[in-house]
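Heads up, the thing below is written out as structure tokens.
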Amino acid sequence: MKIVADENMPYVEALFAEFGQIEFVNGRTLTAEQVKDADVLLVRSVTKVDQTLIEDAAKLLFVGSATIGTDHIDLDFLHQRGIAFSNAPGCNATAVGEFAFIALLELAKRLGTQLKGKVIGIVGAGNTGTAAAKCFEAYGLQVLLCDPIKQAEGDSRQFVSLDELIAKADVISLHVPITKEGPHKTWYLFDETRLNTLKPNTWLINCCRGEVIDNHALIKVKQTRDDIKVILDVWEGEPNPIAELVPLVEFATPHIAGYSLEGKARGTFMLYQTLCRLLQKDPSKSLMGLLPPFEFQQRLNTADLDENKLLKMCRLVFDLRDDDALFRQSFHTATGFDLLRKQHTHRREFSALAVNPASDNAISASSDCIKMLHSLGYSQ
Ligand SMILES: NC(=O)c1ccc[n+]([C@@H]2O[C@H](COP(=O)([O-])OP(=O)(O)OC[C@H]3O[C@@H](n4cnc5c(N)ncnc54)[C@H](O)[C@@H]3O)[C@@H](O)[C@H]2O)c1
Ligand SMILES: O=C(O)[C@H](O)[C@H](O)COP(=O)(O)O
């Protein structure tokens, strides 16, 4: 069996070698010629899988995308050809939720203010939106959810309309898929008109898909409204963000919100499980067996865990400032954006780090802080 896999997908060798020969390819420049004799194709969000790419791949039985989003896949064409497909829903949701939380702590620090006390509006209450809400709620923040689709399906959580969310939230975090049609289409959901309705001093963070915000309109609005603060992990026209926008953004990263080692491992592992099912084979590997331990010990006085100290704890797993600095240095070169992603050092999720009270410090104030850290996702 021949497996063609994106070279930037960790753990493919460890999980798929048992099925046959693996050929690693550059997913961005993948051609029909390279996939024509593949049985299995494993891709990331940068590969457009459509008729042009796989028309001649007569043996292709499975396409797997180690991503949450499926906007790069022509699902109808795969269905027509009878090729099995799986993405990896939820694989990197925790990573995205923690990214949004850490990024907003960083923004508060940079602006000399506090995240504590802010009202957070989450647009799209699926896997990543829910993971983000979990972090904000663990920190005691009020969260408003907007998801008309889930609301219509009878989801038991409380929802608000987008207009109400914009009017009430201090922070807006975007977590929708990109859709170009229908009553809830998200392409340019935040166009110039909507951006102009943001209340003064709103913080806007996008870690879903770049085109959910009209980036040209955002430049225009930011030029007259510096009170709005923006964090962007995703950009219109990736891998070529509009250069003029970058200096207007407080934190800029190259589509790596989902890049935790755990998230990457889960993504590849979910495709492995699907292929095992398809081939009616019992999986011989385990997810936990893939992840290296994260060893770190530090004595913290958690009795007074203020926001500064909380941010320091978050920086143990992910220091967003490094990615922001690297992005500004090299996003504008021809291959800069993709190289930043390829060379990204996968961070760990909060769960990789165990937090326990020191035996001589088990007073009730510290145990509240420890409970909060555990609710955020740190292990016991
Ligand atoms: N930056 C990254 O690294 C990264 C990582 C993972 C996912 N993503 C992107 O984030 C998107 C969301 O991921 P997810 O796992 O939460 O997906 P999901 O499908 O679990 O949730 C998306 C939610 O958005 C809701 N929605 C759709 N249209 C809406 C609208 N107009 N208004 C409000 N809600 C709407 C849906 O009902 C759904 O509940 C993915 O499709 C992917 O494009 C980015
Ligand atoms: O849809 C997703 O899962 C994310 O956007 C994902 O993090 C994209 O990462 P890539 O596949 O480009 O490595």
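In case you wondered, yes, glycine gets a Cβ from its N, Cα and C as well.
Please treat TrEMBL annotations as automatic predictions, because they have not gone through curation.
Here TrEMBL flags 9-286 as domain 'D-isomer specific 2-hydroxyacid dehydrogenase catalytic'.
As annotated by TrEMBL, substrate binding site applies to SER45, THR67, TYR259. Long-range C-beta contacts of TYR259 (substrate binding site), restricted to its own chain and to partners at least six residues apart, with a cutoff below 8 Å, comprise ASN92, ALA95, ARG341, HIS344, HIS346, ARG347.
Sequence annotations record features per position, and here TrEMBL assigns domain 'D-isomer specific 2-hydroxyacid dehydrogenase NAD-binding' to 109-257.
Counting only residues at least six positions away in the same chain, the Cβ atoms of VAL123, GLY124, ALA125, GLY126, GLY129, ASP155, PHE159 sit under 8 Å from the Cβ of ASP147 (NAD(+) binding site). Among the features that TrEMBL reports, NAD(+) binding site is placed at ASP147, ASP233, GLY258.
In the three-state DSSP scheme, ARG209 (active site) falls into the coil class. Annotation for ARG209 (active site): spatial neighbours GLY69, ASP71, VAL176, PRO177, ILE178, THR186, VAL234, criterion Cβ-Cβ under 8 Å with sequence separation of six or more. Annotation comment: TrEMBL describes ARG209 (among others) as active site.
The active site annotation in TrEMBL covers GLU238 (among others). All protein chains shown were included, and the count of other CB atoms within 10 Å of the CB of GLU238 (active site) stands at 17.
Per TrEMBL, active site, proton donor is recorded for HIS255. Sequence-distant contacts (6 or more apart, same chain, Cβ under 8 Å) of HIS255 (active site, proton donor) comprise SER45, ASP233, VAL234, TRP235, GLU238, PHE337, ARG341. In the three-state DSSP classification, HIS255 (active site, proton donor) falls within coil.
Regional average pLDDT for the domain 'Erythronate-4-phosphate dehydrogenase dimerisation' (290-360) in the model is 86. Per TrEMBL, the feature domain 'Erythronate-4-phosphate dehydrogenase dimerisation' maps to 290-360.
A distance of 9 Å separates the Cα atom of GLY258 (NAD(+) binding site) from that of THR67 (substrate binding site). Under DSSP, the residues of the domain 'Erythronate-4-phosphate dehydrogenase dimerisation' (290-360) split into helix, strand and coil as follows: 38 helix, 2 strand, 31 coil.
The C-beta environment of THR67 (substrate binding site), restricted to residues of the same chain at least 6 apart in sequence and closer than 8 Å, consists of ARG44, SER45, ASN87, ALA88, CYS91, ASN92, GLY258, GLY267. Those residues of the chain, other than SER45, THR67, TYR259, with a C-beta within 8 angstroms of the mean position of the substrate site C-beta atoms are ARG44, ALA66, ILE68, GLY69, ASN92, HIS255, GLY258, GLY267. Residue pairs drawn from SER45, THR67, TYR259, the listed substrate binders, are separated by up to 13 Å at the Cα level. Ligand 2 lies within reach of SER45, THR67 from the recorded positions SER45, THR67, ARG209, judged by a C-beta closer than 6 angstroms to any of its atoms. For ligand 1, the neighbouring recorded positions among THR67, ASP147, ARG209 are ASP147, ARG209, by Cβ distance under 6 Å.
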